[in-house]
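What TrEMBL records for 151, 251 is active site. Residues annotated as substrate binding site in TrEMBL: 57, 76, 81.
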Ligand SMILES: O=P(O)(O)OC[C@H]1O[C@H](O)[C@H](O)[C@@H](O)[C@@H]1O
């Protein structure tokens with residue numbers, strides 16, 4: 001099940017009755033998920049580099065222990081997405097569902113960037129539903145605070161077709177202007193959008209011309225909605241200039257006001273099902 005690209009980049013390929021999936025060992029990064037007889041759920045840039053030390057552009061990057069660039073000592077979105085994780089058990093739960101476990105522990109390198117002892121465990125269930133569970137345990141003797149996200153890139157028919165429902169009435173920080181607003185209607189896209197919604201506990205519905213997707217989150221009350229639109233897309237690494245038309249990110253996060261303090265020997269878990 002472990003495959004290797006010519007440059008040595010390793011990933012696990014899962015195939016069962018309900019779905020197929022590919023997960024890179026770097027970043028425990030799920031970069032392909034496709035239910036039988038459906039188009040891929042996740043967007044993957046065809047300009048993405050599969051190289052050690054560079055995050056894959058698309059799929060579900062894991063932003064940890066910091067979302068965005070609010071900690072100047074850490075790279076944008078933390079370091080978890082560009083380091084090697086440990087692959088644990090792979091289990092066939094039934095003919096439709098395969099469960100994989102990955103883990104990441106502190107190392108000399110991580111402690112130079114973020115000086116805490118930790119264990120991060122990712123469980124992925126590949127089936128009719130995609131489930132991802134990210135558990136952070138504080139193995140240190142002092143508390144630490146994290147921000148994080150399952151930074152999901154959804155594959156869409158065309159960005160102009162997209163609506164996102166379920167965030168109506170929620171407050172958000174517009175990361176482009178640093179202004180606070182309240183979402184009135186469903187979200188549509190006709191320009192760059194980069195927002196951190198707060199206090200989200202409801203199901204989110206993503207619609208495009210082909211399908212309707214339901215996202216359920218627990219352990220996270222913030223949701224980031226992002227599309228770079230024309231100018232930012234042209235400047236971004238690992239993306240062709242027109243790529244913004246093909247995806248929207250809806251990120252299951254603990255970000256901004258929803259940062260989490262984890263006490264010694266305690267854990268915090270976020271869970272996404274879609
Ligand atoms: O280019 P990356 O580090 O992968 O970040 C990609 C994007 O991630 C999030 O959605 C942020 O809200 C955006 O501001 C950022 O541009």
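Including glycine, each Cβ sits where the backbone N, Cα and C put it.
The model shown is predicted, which means the values in this text are computed figures rather than measured ones.
Cα of residue 57 (substrate binding site) to Cα of residue 251 (active site): a span of 14 Å. Close to ligand 1, meaning a Cβ under 6 Å from one of its atoms, are these of the binding-site residues 57, 76, 81: 76. Checking the recorded positions (76, 81, 151) against residue 251 (active site) with a 10 Å Cα-Cα cut-off leaves 151. Residue 251 (active site) has a Cβ environment of 26 other Cβ atoms inside 10 Å. A coil conformation is recorded for residue 76 (substrate binding site) in the three-state DSSP classification, outside any helix or strand. The two recorded residues, residue 81 (substrate binding site) and residue 151 (active site), have Cα atoms 10 Å apart. Residues 57, 76, 81 are the ones the record ties to substrate, and the longest Cα gap between any two of them is 14 Å. Under the three-state DSSP scheme, residue 81 (substrate binding site) falls in the helix class.
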